[in-house]
Amino acid sequence: MNRYKIGLISLGCDKNRIDSELLLGKLNEKNDIVNDPNKADIIIVNTCGFIESSKQESIDTILEMAKYKEENCKMIIATGCLTQRYSKELLELIPEIDIMLGVNDYANIQNYIDDFFNEHNKICQCKYSDISINEGKRILTTAKHMAYIRISEGCNNLCTYCIIPKIRGKYRSRSIESIINEAKELANMGVKELILVGQDTAIYGSDLYKENRLSQLLRELSNIEDIEWIRILYTYPEEITDELIEEIKNNDKVCKYLDIPIQHISNTVLKRMNRKSSKELITDNIKKMRKEIDGLCLRTSIIVGFPGETEDEFNELKEFVEEIKFDNLGVFKYSQEEDTAAARMKDQVSEDLKEERLATIMSIQQNVSSKINKNKLEKVYKVLVEGQNDKYYIGRNYQMVPEIDGAIFFKCDKILNVGEFVYVKITDTLEYDLIGVVCDESGQ
């Protein structure tokens with residue numbers, strides 16, 4: 001049996017990254033993984049199909065990789081959300097694709113590769129399934145000291161703007177035992193930080209155990225000796241319970257960090273979005289969380305330009321962002337996705353107005369972030385070392401998710417290792433980043 005050199009490009013979210021790592025895990029034993037597409041016999045593109053810009057990026061990337069078939073590359077494989085959604089269209093649009101897989105067809109990828117080289121017939125396996133959850137050995141594509149871990153797949157929320165339930169299926173939790181076993185394997189590989197992801201992590205276990213079990217999962221994960229940080233992403237605010245707040249408050253290994261994607265704050269917009277929350281519920285929960293959890297860092301994401309968004313609704317959102325002062329905030333223009341209820345709504349907002357509103361929110365948040373960072377001067381944080389440049393080491397504290405929340409640049413006289421924890425005293429601030437110097441826990 002031939003041993004092939006395989007390159008992979010992963011696009012989209014961290015959940016897609018996990019799928020890419022599982023793909024590499026399934027292929028690593030009988031093939032060699034390479035980073036340079038010039039050296040690859042097989043190139044895999046794991047696509048994203050969430051919004052228009054991500055769809056275009058996926059198509060452009062496949063076309064770019066297809067050029068390597070003029071040189072050493074013998075096969076192009078496309079997989080992921082875009083192929084799950086548009087398999088027939090992609091086969092016609094990009095004939096260079098040899099194998100196309102959806103989001104549930106990774107287990108047999110080696111067999112598909114062997115079959116193609118034996119029979120030279122294109123393969124398309126994009127059958128929809130909302131039963132299985134991809135699990136198995138992973139080849140990490142993150143830094144070796146941190147890893148994302150998927151605790152659930154799919155979504156039941158049916159937000160009017162979102163296509164994910166049609167791509168990923170109904171919400172289904174992994175078992176606690178399965179997650180703990182994977183976390184132990186990751187810890188044995190040197191992982192210090194676990195980042196829990198799912199479409200809605202707050203309702204973890206509600207399908208499998210008939211009750212939310214995120215708090216229990218956090219307790220059991222914190223018993224793994226070599227794991228030092230546990231971080232939760234994608235917790236819908238209406239599902240955050242008092243029990244979860246208490247667990248975050250009292251568990252030293254759980255980062256005092258919550259990512260609560262509110263999407264909007266106007267009740268009329270939330271209703272059109274088919275969101276289950278309200279302005280009053282969101283506001284009350286934020287106040288409760290900040291009161292109970294000392295030093296809590298809050299991130300959110302919002303959508304501007306949703307169909308029918310009036311000036312009054314947008315002004316309500318602006319005022320809320322100014323008042324609540326999220327530590328971190330991502331803002332996105334509404335993307336009109338076919339096969340969604342929102343795409344059929346009247347009063348679609350123009351692209352120019354979406355751009356204007358996005359810029360307005362970002363300007364407000366830049367001012368908020370700058371003021372929040374200035375309040376961190378002279379404070380001491382536990383920092384995870386991520387790397388270094390010519391002048392500084394680079395790291396993150398509990399308030400920072402990799403690649404999206406900024407970083408801490410700091411000096412140290414001794415040599416530090418990536419994945420090591422140190423204490424850093426903040427000496428200067430930037431808009432989103434911090435500057436500091438290594439110290440002891442007391443700040444000396």
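Backbone N, Cα and C atoms are what each Cβ position is placed from, and that goes for glycine too.
Feature annotation from Swiss-Prot assigns domain 'MTTase N-terminal' to 4-118.
The [4Fe-4S] cluster 1 binding site annotation in Swiss-Prot covers C13, C48, C81. Of all Cβ atoms in the protein chains displayed, 27 besides its own lie within 10 Å of the Cβ of C81 ([4Fe-4S] cluster 1 binding site).
Annotated domain 'Radical SAM core' per Swiss-Prot: 141-371, in sequence order.
As annotated by Swiss-Prot, [4Fe-4S] cluster 2 binding site applies to C155, C159, C162, with the evidence given as sequence analysis. There are 22 other CB atoms within 10 A of the CB of C162 ([4Fe-4S] cluster 2 binding site), with all protein chains counted.
Under the heading domain 'TRAM', Swiss-Prot lists 374-440.
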Inter-residue C-alpha distance, C155 ([4Fe-4S] cluster 2 binding site) and C13 ([4Fe-4S] cluster 1 binding site) (nearest angstrom): 15
Distance [Cα-Cα, Å, rounded] between C48 ([4Fe-4S] cluster 1 binding site) and C159 ([4Fe-4S] cluster 2 binding site): 18
Confidence summary for the domain 'MTTase N-terminal' (4-118), mean pLDDT rounded: 91
Number of Cβ atoms other than its own within 10 Å, given for C13 ([4Fe-4S] cluster 1 binding site): 19
Per-state residue totals over the domain 'TRAM' (374-440) - DSSP helix, strand, coil: 1 helix, 32 strand, 34 coil
